[in-house]
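To start, the structure itself, in structure tokens.
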Amino acid sequence: MFRSRCWLVFTICLLPAALLSSAVRVMLRETSVEAIQGDSVVLPCSFFTISPLSRLSIIWTMTPLSDPDSPAQVIVFDHGQVIASPAFTGRIAFTGIPWSADVVLNRTRVSDAGVYRCVVSNPPETGDPGIGELSLTVLAPPSLPVCLWEGDTDAGGSVTLSCGVAEGVPTPTIRWEKLQPNPIALPTNMESDMSGSVHIANVSSQTSGLYRCSVTNLLGSQNCYINLSVYSPPHSTPGILQGVLVTLSMAVVLLALLVLVLWLHRSEQERKWRNGREEAEEEDECYNEIRYTPSLIKRSFV
């Protein structure tokens, strides 16, 4: 009985000291949050303290994914005052201060993505401040890609078509295809996560046409186009020259034959005319002989 009372007194005496020496505890309902660019998102942070909240201090920091060694303050609550970073001014606010450390971030941007840390302290509580971390991912559709080409567009040359996109979360897929005159998918060389190209060697007139680059992720798709024209010089091969020469030779031969036929026809007409004239003269001579013969006979009788 005496021993039980001693343990009870000892526990009651130690309980206030234990409570006073306990640190602030921070609890996060989620450790990973997603938002679509332009929407609002709540970054949750709950805490437990046994001391009055008159000296409560809450600090939110953000570490960009691109620079994990450079955390920066986002918003601070200290001695009843709220101070927001210039990059977040007008877009971030506490939702339930001082009972909650939750903040709401409005008009989210892709640059808002990173690791957020909620740090809560409440003197006179001793010990380290309560800390909670969560990651924020801001999803965004692909931005409008930029299409470029470089190379030699003369027949036999080589051309490279490139396509780059500045923004898109998750990382968009890049695909090249030829639309006209004959649709065909082209193998795309990924130069980086946000750019891809197509190399076309030994181009010809068949290479000419409309090409499209498509960038796509879960939130949408964007396209850019290149109208490629390959210059093919006129063909001047020996075969064509020989064909032209043969054609000209045949034309000359036909013309000569036509002239010959006309000459022969005219010669024949002249011959017939001469023969007709000779026959006419012979007939006249015969008629004259016949006409003079009776007169001779008459004279002989006399």
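Any Cβ shown, glycine's included, is placed from N, Cα and C.
Note: TrEMBL annotation is automatic and uncurated.
Lifted from TrEMBL, the feature list:
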SIGNAL    1-23  signal peptide
DOMAIN    16-137  domain 'Ig-like'
DOMAIN    142-229  domain 'Ig-like'
TRANSMEM  240-264  transmembrane segment
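The average pLDDT for the domain 'Ig-like' (16-137) in the predicted structure is 90. With DSSP classes pooled into helix, strand and coil, the tally for the domain 'Ig-like' (16-137) is 12 helix, 55 strand, 55 coil.
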